[in-house]
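I have placed the structure first, in the form of structure tokens, so that the comments after it can refer back to it.
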């Protein structure tokens, strides 16, 4: 009966811990986690996870005489319990009393393997064996393709900010995505470039990805060297992050362009199919941006190749830094004459912090407005080389990134005010979680819309607004499904 099990657990728990003796030979991790659970459940006011685990144990119900012998417990409640270093794991113990066979559900730490559970629970060798729904590789794969599991990951607001990350990035990421969808909605029909939309979106994405690369790229400081396995793991993680959905969208787009009956405006996109037949390998190897623009398969995916190439240079940058760091530290880094300037700036900043924050916001917003407005002034192509045009083309991306960087730092350092509250709204989190799929799929809807047209599209503000909103709604709905079914299964731990 389950009472024997509970009595046993409470007995050893009341004594403080499960002893690692010849009778109870279990793994060290399982032993420690079990002891943690037992100590907690014996407290006067145990923590919530211990209560959930204990309450999830199967118990004797009514009408045993009538055949109600199984004691299943609560599987989902058990799995929802999260302790300090483990989660609840639901197992079933099969028992026999006379001619009556039944099972009992129990909740143990997920660090315990099948043999550990059998040792802890069935310590009498005369008991029959038991089965346990362990989180094996098969179970992990099933969890990875679980719509319920992946949906929880999308809509969760507690795990969406990575370690060292900033909540304001969610709002910036989504607003950048809306800008690029809006730009493409106008750009694709007229086959004309809205360069600022591309600049703003990709500039923001560089900030969002580059900022966490060094955090993700951990170096073995004890040996002070880069490991090939570490570099390989670093790159493989990035490939696993972007390639499944990227290649899926590529195949989907090729299929749609090949099969759909298009209207008279389909001809600019048939080249996409021909390019994919010839240059599909460039997308696979993430080097499509090195091809001529008119030969890229699924043209809007050039950014993924560029992003991966920049991402892959991080180990090289760290390596080069390590080559020069010793002399740098010895003759420069620790010397007072190289440190007094920043110290003085810090003192002045402390004195005039409020004023400087206001000045920073003024400069930031003015710079953003200038970068958005200048293209309207410089829109005419000059007959001769133009210094203003050259300066704008050379500097507008770094300056935009600098302005966005100020917004992020000001928000996270307490000087964002209502802007910080707006950018950090939990409303942005689910949209941010599906932004990668949105970026890849939204051009497909725009291409489909254009390809089905039989007459020219008449531009008005109201027409464009409805066009943009239609593309946006379709993009969000399909991106959710793509994220759940294609992207997230490769990211969840197996």
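Note that Cβ sites are derived from N, Cα and C of the backbone, with glycine treated the same way.
Curation plays no part in TrEMBL annotations; they are all automatic predictions.
Residues annotated as signal peptide in TrEMBL: 1-17. Marked as domain 'Nose resistant-to-fluoxetine protein N-terminal' by TrEMBL: 27-138. Residues annotated as transmembrane segment in TrEMBL: 245-267, 279-304, 355-378, 398-415, 427-452, 464-486.
A contact links the transmembrane segment (355-378) to the transmembrane segment (398-415), because at least 3 Cβ pairs that are 6 or more residues apart lie under 8 A. Long-range contacts of the transmembrane segment (464-486) within the same chain: residues 145, 147, 150-151, 154, 178, 181-182, 185-186, 244-245, 248-249, 431, 433-434, 436-438, 440-442, 445-446, 449, each at least 6 residues beyond the stretch ends and with a Cβ under 8 Å from a Cβ of the stretch. For the domain 'Nose resistant-to-fluoxetine protein N-terminal' (27-138), the DSSP counts in helix, strand and coil order read 38 helix, 25 strand, 49 coil.
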